[in-house]
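Trainee: First the structure, which I've put down as structure tokens, then a few questions once you've had a look.
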Amino acid sequence: MERAGATSRGGQAPGFLLRLHTEGRAEAARVQEQDLRQWGLTGIHLRSYQLEGVNWLAQRFHCQNGCILGDEMGLGKTCQTIALFIYLAGRLNDEGPFLILCPLSVLSNWKEEMQRFAPGLSCVTYAGDKEERACLQQDLKQESRFHVLLTTYEICLKDASFLKSFPWSVLVVDEAHRLKNQSSLLHKTLSEFSVVFSLLLTGTPIQNSLQELYSLLSFVEPDLFSKEEVGDFIQRYQDIEKESESASELHKLLQPFLLRRVKAEVATELPKKTEVVIYHGMSALQKKYYKAILMKDLDAFENETAKKVKLQNILSQLRKCVDHPYLFDGVEPEPFEVGDHLTEASGKLHLLDKLLAFLYSGGHRVLLFSQMTQMLDILQDYMDYRGYSYERVDGSVRGEERHLAIKNFGQQPIFVFLLSTRAGGVGMNLTAADTVIFVDSDFNPQNDLQAAARAHRIGQNKSVKVIRLIGRDTVEEIVYRKAASKLQLTNMIIEGGHFTLGAQKPAADADLQLSEILKFGLDKLLASEGSTMDEIDLESILGETKDGQWVSDALPAAEGGSRDQEEGKNHMYLFEGKDYSKEPSKEDRKSFEQLVNLQKTLLEKASQEGRSLRNKGSVLIPGLVEGSTKRKRVLSPEELEDRQKKRQEAAAKRRRLIEEKKRQKEEAEHKKKMAWWESNNYQSFCLPSEESEPEDLENGEESSAELDYQDPDATSLKYVSGDVTHPQAGAEDALIVHCVDDSGHWGRGGLFTALEKRSAEPRKIYELAGKMKDLSLGGVLLFPVDDKESRNKGQDLLALIVAQHRDRSNVLSGIKMAALEEGLKKIFLAAKKKKASVHLPRIGHATKGFNWYGTERLIRKHLAARGIPTYIYYFPRSKSAVLHSQSSSSSSRQLVP
């Protein structure tokens, strides 16, 4: 890497350059895909660029250089990483352990990909609550032979002392822009781990500044890029747009540490992605709010530097206003009922309503992103109102629920997936959608890029349309253009091999710019007080659609709502021949001054009339932002009572509507499920609940059922030694009881294997029930098991109680007592109806901390005490075990020979 004139700028070359020049280079033998298959790679055919990536990673490992795999989102960084593990274990006999840190939202995806691509590598998912993780820690300490440990950033920080105890061969950090701050707790904590090789995965290796880039470099190679030299790095490369020599040097510097490929270069077969911006008008209500927000704090415009926080707050409030005025408290009219007013109050939702109707009729499926979870709430109400099927993921949704939502969207014909850009834009694979809509834009364009990549990625077989909704003549225009300009600069430098952004602008300039941004478009926006929501021809803008696919590659027309062609490659503030880059237009400035003068006049008038000026920002539009300054009339007790009554009636009505909607949704889901079962010729073996049994069974047959068992000995538990899969029964039917989880995956060993030897039905029926979503906690599957062998008299049946939960991370819960009790109630009804005996293993045997005493009481309460002959089996593993079992039994627990 020797470069002519390396020290010409600033004298002595920085330490990181000198150290890099002296680094040795090791060579790794080239890896072929057949080698990886021989070592255990399954379920995937690596593309040529992915195989190149694996070889590059192997080379970095041999050089002992940590590195950054910065491929564009959707190109398969996960499979390349797993292939590296297979290479290390297969060729180098390096069996780890390997540590993977990732966001909670993709934890299950990593687990599934490990099982799919590398089933020969054992993978432990380190997740759960404090108690569950404590149990995992004990297991890992006693049996630490695993290849991969998978966990989240948050759990890593909580249990850092435990995870530090392992000598990690490889540390993988997914979505590694979390490490862009050298001073962050995660950066500092991971720097203390014992790691041979660090690998960072990020589709956005450069987001904002040189400092963030250096933070990633110092993490993967702290010896080369010391934290103290970040200033030297920034100073040396801050003007690379102007200095080609500096850019070339930085390119060479980064080559050993950063590999980035983009879809346009390596995935040419990937269907096309087209981006369209559609502009919308504003409702009269939105315009009123827009004015009021601007006038709420005039002081912020008079001293920009000192009032930066206030200006940012004004910008945030204006963006909320452009989204929907109902985001402000007290605006939505009472009683709170969903109706057309939702779309009439917002120009954005008015356009979205037309857009979704167009997409729904065309058979498209949509990812709908917003910055604000409150906006997602409004969109969710809208989806219910229009009857569109949807899933939702935002920052409040737990990992297990996220995985289920993603799975449902992939497997069922759900129309819309509602996502928050930050929480839903990372790591998810949602290629079932072919349309992405941004309700609002992120300040950081990389976040929107990641979000769009949920649909446009490897595995997508349809063209993808990305649609961005922008409020015309509002702050949204400037936010979007700033982001577009920033992204254009980033792409120019990264894809050119330069990998970085220029220096940050001075803070004062940014503040001045913000104060001007807020005035943009006022002349046109406030030219009238009425609504500017227009009807547009969506097909002419979006292009032709056929059979649920976008088929037109023509550029969208610039009519109606789109301005893409007008903008071209102009400056980000240059529209229609006017340059807004340094200051707003004369017309915008004049409109703002008129608003200010009007506000001051109203304030003076209010002062003269003796009104309180505490809420001076609300004078322009009373009651709109912080409440009215107008003195309220005191209501009489009767009027107060009447108002309270109306509010209670409205609340009760809304609750009824919600309950009715919930009931209808449950009925629709049940009906859909029944139709699905019927189409698959599936018949459920689930027992009904105690409440659903007919009264004649509960009452009329009770005497005859219980008179048969009047002997006191018959109402106590009987303990026997033997194999529960071959019940010691007389001529009556026998119900064999076994507890399973709700995953639908049949277990191995113990009673699972014994039942398979007895009958082929248990595995087949249980796994089919799992596929048909017929397993729920407290449920019981009951079916005969006499297909291989049977008694001369009486029938043997197996009752599988779903008493355990296995989450999406493959973590199995203990036996849930409530589910067990519910299952025992159902078994009682079945045994009573059949006049059968019940035969159970010692449930929870050898499970640490299991409450056998409580379980025994439940069995006695719901079975034996209610007249059902009930047997508990001790399985004799050896003669000594049988003798020990017999000697330790009390008189109340006599073994039945």
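A Cβ is built for glycine as well, from the same backbone N, Cα and C atoms used for every other residue.
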Trainee: Swiss-Prot tags one of SER607, SER704, SER759 as phosphoserine; which one?
Mentor: SER607
Trainee: Report which of SER562, SER809, SER887, SER891 appears in Swiss-Prot with the annotation phosphoserine.
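Mentor: Record lookup, Swiss-Prot, feature phosphoserine, residue SER891.
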Trainee: Based on what Swiss-Prot says, identify which of SER48, SER618, SER716, SER776 is the phosphoserine one.
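Mentor: My reading of Swiss-Prot gives SER618.
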Trainee: Can you tell me which of these residues Swiss-Prot lists as phosphoserine: SER246, SER396, SER628, SER892?
Mentor: SER628
Trainee: Please compute the mean pLDDT of the model over the region 'Regulatory linker segment (RLS)' (601-635).
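Mentor: Computed over the region 'Regulatory linker segment (RLS)' (601-635), the mean pLDDT is 48 on the 0 to 100 scale.
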